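> What TrEMBL records for this protein is below:
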type     : residues  : note
DOMAIN   : A:67-273  : domain 'ABC transmembrane type-1'
TRANSMEM : A:62-95   : transmembrane segment
TRANSMEM : A:102-126 : transmembrane segment
TRANSMEM : A:146-169 : transmembrane segment
TRANSMEM : A:200-229 : transmembrane segment
TRANSMEM : A:249-272 : transmembrane segment
């Protein structure tokens, strides 16, 4: 008990309160905790007991490439999402409500539209005979169509598109909490715009930037759909590898080992987020 | 200065310009899908040579597409009921309870939101294969309820936290039984939280594709699984028609959400 009460009846009713969480807890234990643990156990028991799956994961160059690709894509996506998202978040925080409302609605519309529908749009837009290539050729920028799909470029464009709302929303929330008077004070004290931006606005916005960036980085590491559809065979990412190991190759042990690695990285980054940036609102819309 | 629109000078036009470009980038694919679904070109040429409703006719004439939509709707509706019911009970425990480990419990309930979906999908796939729930409606609903639970718990417990418990106590003082007070006073008081939880749960299940790919069987497929399967074969314009209908659904839900928000402020 966090607060000592003299009334045992009140104590009982509080414990009864805890019992209300029981159905959900049992569901979670039976159909979430147990299956995930059992998958991780399989990584050291299948095909035989030991760490051979992890050894294979480290020693095989193909898998090393997958890890490299995963981190490369997550880094690129986080970078571009931050660079493109920051001005939008900033604008959302300062624009008159009516204009901000329009941009906000666009961000939400894009975020709430079915993921496959959006990825499909990019598959069509980016293909060799797609609108992007045709426009670039019509403008005389290129002579032959660029390969924009089934490679790193396609995955990056598609993923930045998906992740932008997840970075804009936390950043604009942080920017809104900054008191404009702080910046006026900086100006009164003789700071130039440049100094006010680098030494006042950016440091104050940093928690939002860091937490948005971290959310996007973590989400990108484990992303499955967009890389699988817009990427090629040579830039497979970790999530797709796990699915393939399990579903097509039936190598449960290897799949479990790769899942364990992804899980550890995700939880470690999440712990950083909670420790230094506060649990806050994660990727949820709202 | 940098956070006051009127005194930002030329900088504000730079900011507006950049935001408009990003907003167009966000909007173009959504509009493009809708335009594509009415285009007459089988090969997705754009701008299309003419306009047609042919892809919608093909979509609605194909029993496999219709069956997958029905399956999706069924699973999403059942998931919503399960997630909101469990979410409501859990929120009562998390907000009203005062027991040891409450914060840990709260964090534990949010973990399905943090873990990579592919890990949950693979783990449930292995588990369901063993106990024979793979490719069943029950399996789908259980899997989606796990994923939807955090999205139900967050808005419901926020609403419950904001709800003044003394109103419920007043009802009890006036002679209501504790359960009657909860049902007839507290539940209507947190209805916007329940509504938000229901919308999030429904959308999560309706749009969910990763876990669904593992749960599905050739005879039981949700709409996203069906789209996924078609996308891996070709880029048929029928997919554009299905996608455009999904965009329409999103817009409807956004309008409903905006109206509810407006109603709350009044």
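Heads up, the Cβ atoms here are built off N, Cα and C, so glycines get one too.
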> Select the range from A:102-126, A:146-169, A:200-229, A:249-272 that forms the most Cβ-Cβ pairs under 8 Å with the transmembrane segment (A:62-95).
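It is A:146-169, which has the most Cβ pairs under 8 Å.
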> Please identify the stretch among A:102-126, A:146-169, A:249-272 with the greatest number of Cβ pairs below 8 Å relative to the transmembrane segment (A:200-229).
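The stretch I would name here is A:146-169.
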> For the transmembrane segment (A:146-169), what are the same-chain contacts with Cβ under 8 Å, counting residues 6+ beyond its ends?
69, 72-73, 76-78, 80-82, 84-85, 88-89, 92, 107-108, 110-111, 115, 118-119, 122-123, 126-128, 130, 132-133, 136, 212-213, 215-216, 219-220, 223, 226-227, 229-232, 234-235, 237, 283, 285
> If we skip the immediate neighbours and take only residues 6+ beyond the ends of the transmembrane segment (A:102-126), which ones have a Cβ under 8 Å from one of its Cβ atoms?
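Contacts with the transmembrane segment (A:102-126): 88, 91-92, 95, 132-133, 148-149, 154, 157-158, 161-162, 164-166, 168-169, 225-226, 229-230, 285.
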